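Right, one structure below, let's go through it.
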Amino acid sequence: MDLPSFISALPKAELHVHLEGCLTPGLARTLAARNNLPLPPSLSALDQTGSSYSFHDLTTFLQVYYPNLSVLQTAHDFADLAISYLTTAHAQNVKHCELFFDPQAHTARGVPFPTVVRGYQAGINTAQRALGISASLIMCFLRDHSAEFAMATLMDSLPFKDVIIGVGLDSDERDNPPSKFAAVFQRAAKEGFLITMHCDIDQPDTLTHIGQAINEIQVDRIDHGTNIIDSPELISTLKQRGIGLTACPISNGIVTDDFKGKEIIELLRQGVRVTVNSDDPAYFRGYLNENMLKLASAADLNVTRKELIHLQRNAFTISWISSWKRNHFLQMLDEFERLTLGSEATQVLNGV
Ligand code: ADE
Ligand code: ZN
């Protein structure tokens with residue numbers, strides 16, 4: 001089996017994908033037309049030039065990303081966005097997804113909180129029924145807004161605790177450390193939400209932020225966070241507590257100067273529960289298979305097929321699902337390994 005076929009056939013879990021980052025230009029145009037709205041500026045620029053979006057780091061990416069969300073108005077729109085992503089994920093043999101969403105990016109422009117959550121949940125239900133894919137929602141707070149706004153959003157979410165499994169923190173990290181939201185996450189934990197948060201790549205004070213996430217906020221997971229490679233002490237705590245990292249190679253390569261494959265594989269080989277994910281696939285133009293392939297095909301990393309399976313074992317292990325479901329998926333991976341690798345389990349990928 002060639003490498004792309006191996007990756008396609010591998011049963012996978014996606015733990016770091018922003019639903020708003022799955023808004024393709026095609027779907028945005030459809031929704032703009034349906035809602036009688038003008039195309040957001042970056043989309044009409046895309047149409048005029050026929051080229052790709054223009055951004056080079058997290059801040060400039062977010063400047064394109066948020067204005068595009070104006071086309072999302074009704075529960076039907078949010079449902080269509082979830083169905084669109086889950087259909088692609090299913091086609092890539094993704095078995096389970098934990099989907100970030102940013103309610104404040106919608107409530108701040110007048111869309112009611114229940115419209116967002118009910119729409120996304122309806123889309124998930126439809127995809128689950130039609131495709132059998134498993135999915136759940138993680139609500140992210142926007143860290144470049146106030147802690148008060150985050151707390152009010154947490155309060156809005158309480159009637160939807162049955163459909164939101166956890167909370168996260170995203171958007172522009174500069175000058176917005178995890179500690180700014182300590183009270184919000186403390187309350188979220190008390191309400192029974194699991195906790196993750198972005199520690200984006202190569203941000204100022206990144207090790208301080210990672211330390212706060214682990215020690216002050218007591219996160220269950222970290223999104224990105226691979227700069228931890230520079231702190232053996234934090235790695236040791238991470239491993240002790242079994243905290244996983246959701247890395248996103250293609251995204252890294254776009255918002256920084258490197259895809260950080262070396263760091264991801266080094267952490268994997270040190271026993272950290274690192275995983276591979278797609279972040280904002282409609283913008284970074286790579287879903288889960290493309291992200292796995294990016295890592296697997298880097299000549300200098302010598303990633304083995306056994307390690308690719310290990311990355312997915314990590315993903316199911318740190319996913320927020322029942323132990324019954326986890327065992328089911330892990331058995332699926334065992335079977336896949338037995339069928340594909342047999343005694344060749346340690347073969348080196350490159351040149352195969
Ligand atoms: N929102 C959407 N994608 C993000 C990312 N990669 N980092 C921070 N916030 C985000
Ligand atoms: Zn992200």
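Just so it is clear, glycine is given a Cβ too, placed from its N, Cα and C backbone atoms.
For the Zn(2+) site, TrEMBL records His16, His18, His198, and the single candidate of Asp80, Asp279, Asp300 listed with them is Asp279.
Among the recorded positions His224, Asp279, Asp280, the residues whose Cβ sits under 6 Å from any atom of ligand 2 are Asp279. For the pair formed by Asp279 (Zn(2+) binding site) and His224 (site 'Important for catalytic activity'), distance between Cα atoms is given as 9 Å, rounded to the nearest Å. Apart from His16, His18, His198, Asp279, the residues listed for Zn(2+), the same chain places the Cβ atoms of Val17, Gly21, Phe100, Asp170, Asp223, His224, Thr246, Cys248, Ser251, Asn277, Asp280 within 8 Å of the centroid of those Cβ atoms.
In the three-state DSSP classification, Asp280 (substrate binding site) falls within coil. Listed in sequence order, the residues of the same chain lying 6 or more apart from His18 (Zn(2+) binding site) and placing their CB within less than 8 Å of its CB are Leu99, Phe100, Phe101, Asp102, Cys140, Asp170, Asp279, Asp280. Local packing around the Cβ, expressed as the count of other Cβ atoms within 10 angstroms, is greatest for Asp279 among the binding-site residues Asp279, Asp280.
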